[in-house]
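All remarks here apply to the structure that follows.
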Amino acid sequence: MRASPLTCGPEGLLVPTCTRPVGGPLREAGVLLPVGPEDEEEEEDDDDVIDDSEVEELFRVHAPAGPQQHRVFVVHPDVKWGSRKQHLTTAELMMAEAVGLVTTLDTWRVVGQLVLSTKTPEKKKIFGKGNFQTLTDKIRQTAGVTAVFVNVERLSASAEREFEEAWGVKVFDRYSVVLHIFRCNARTREAKLQISLAEIPLSRLRNELADLDQQGGGARYIGGSGETLTEVQQRLLREREMKIRSALEKLRRKRRLLRSERRHKEFPTVSVLGYTNCGKTTLIKALTGDAGLQPRNQLFATLDVTVHAGRLPGHMTVLFVDTIGFLSQLPHQLIDSFSATLEDIKHSDLLVHVRDISHPETVNQKVNVLKVLNDMQIPDRLMSSMIEVHNKTDLVDNYRPTQPGALPVSALQQRGLDGLMAAVEDEILKSTGKRSMDLSVDLRSPRLSWLYKEAAVQHVQVNADEGSAVVKVIISAAAYGRYRKLFTGR
């Protein structure tokens, strides 16, 4: 048995056969369940965070100017040696991922691509003089190019400026492309605030470019303030950043409160994570039966953390957290901006790392996910107990596990799910200190109904002649202490 039918919509926590009053939290068996931040529009007091109009205003400040449709030329610098050389992948696979990022955007098209070797990736122009000219000629010979995507983590202000002058079109790096994808997928105020924060460095970059324009013409002062235009722009950016960080901190405190409430209700949480488009949402849908989840075959389809409840084989309710996907060469500033969202991972009872085992870069993707988790300083207890899932085995001919302990599944075809749920239950029991017990109860007392409410009842063996039953339950130490105090006086 995997999960009871879920009757609520996709917002907030989904629990078996639950009912939800309009504007209120979810309920199961009379117990209120705390909702997630994605329900904040219904739950928050007006004083908790800045209002929706301010969020939208901050979000629109950085809305891209000019055409929203782009015909993109993609160039990937192939580093031949040194510390920046990639050893677990190839230039062709990295180019394929870059193209995938562009095609994730509905109105962007790839019209040309080029892998170009470089020995000087740290230089402003990245490429040597000859290769840079080759690239420039190729871009000019490709009809209709409106933008160039240089597949590096970040470009400096001066490099972006030189490239745009050389090619006459808008230039993007991975930071700006990924951020644009995030912007297109943002739905909640938390996502929009985090994106607004992540876009601050791009505003600073634009200011630096404007400052380069002014050099040689003397500093321009504003009115009688004694501030130059650049100083005013930087001050306004600092004020905007402080306002966004303050609002996010309030949302962070709200998340802490929600986690505290969940712990009080003793609902174990399982964070499902992995490289973008590895099938996390499809797997959670298969494990919980949540018909409201609509997985999409695209990068960063999941941007907001959502929480979905399922039942483990021992009838224990567990909360599966669907997290944002990871990506190689994801700029650290971008990860920092989403720290409030990613913080949920640190406070889980268990991590499930989903891998697309059919992907040619599956090993490199695993390395990148583990690197991000390490950078986030995930506790050792979570790293050591993490379950690795090999998803999409239906796409691999004659699949054979190559790593001990890895669980093969096909979320799409719902194969291997029972074994995964059993492994999740085993690790949850270890991490939460819950245990399986046989309790004798008098059926004339409220003991049995109390156990159904406070523990996971697995089996009831009734002795009708004696009016009693032996109840097999999974119960926490705290709940068992309350049971003994209430019904045995000990």
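For all residues, glycine too, the Cβ spot is worked out from N, Cα and C.
Look at TrEMBL and you will find 268-432 tagged as domain 'Hflx-type G'. Taking the domain 'Hflx-type G' (268-432) as a whole, pLDDT averages 87 in the prediction.
Under the heading GTP binding site, TrEMBL lists 274-281, 300-304, 322-325, 391-394, 410-412.
Marked as Mg(2+) binding site by TrEMBL: THR281, THR302.
With a 10 A radius on its CB, ILE324 (GTP binding site) counts 23 other CB atoms from all the protein chains. Contacts of SER410 (GTP binding site) defined by a Cβ separation under 8 A and a same-chain sequence distance of 6+ are given as ASN391, LYS392, THR393, ASP394, GLY416, in order along the sequence. Every protein chain shown contributes to the tally, and the Cβ of THR281 (Mg(2+) binding site) ends up with 23 other Cβ atoms within 10 Å. Cα spacing between THR281 (Mg(2+) binding site) and ILE324 (GTP binding site): 10 Å, rounded to the nearest whole number.
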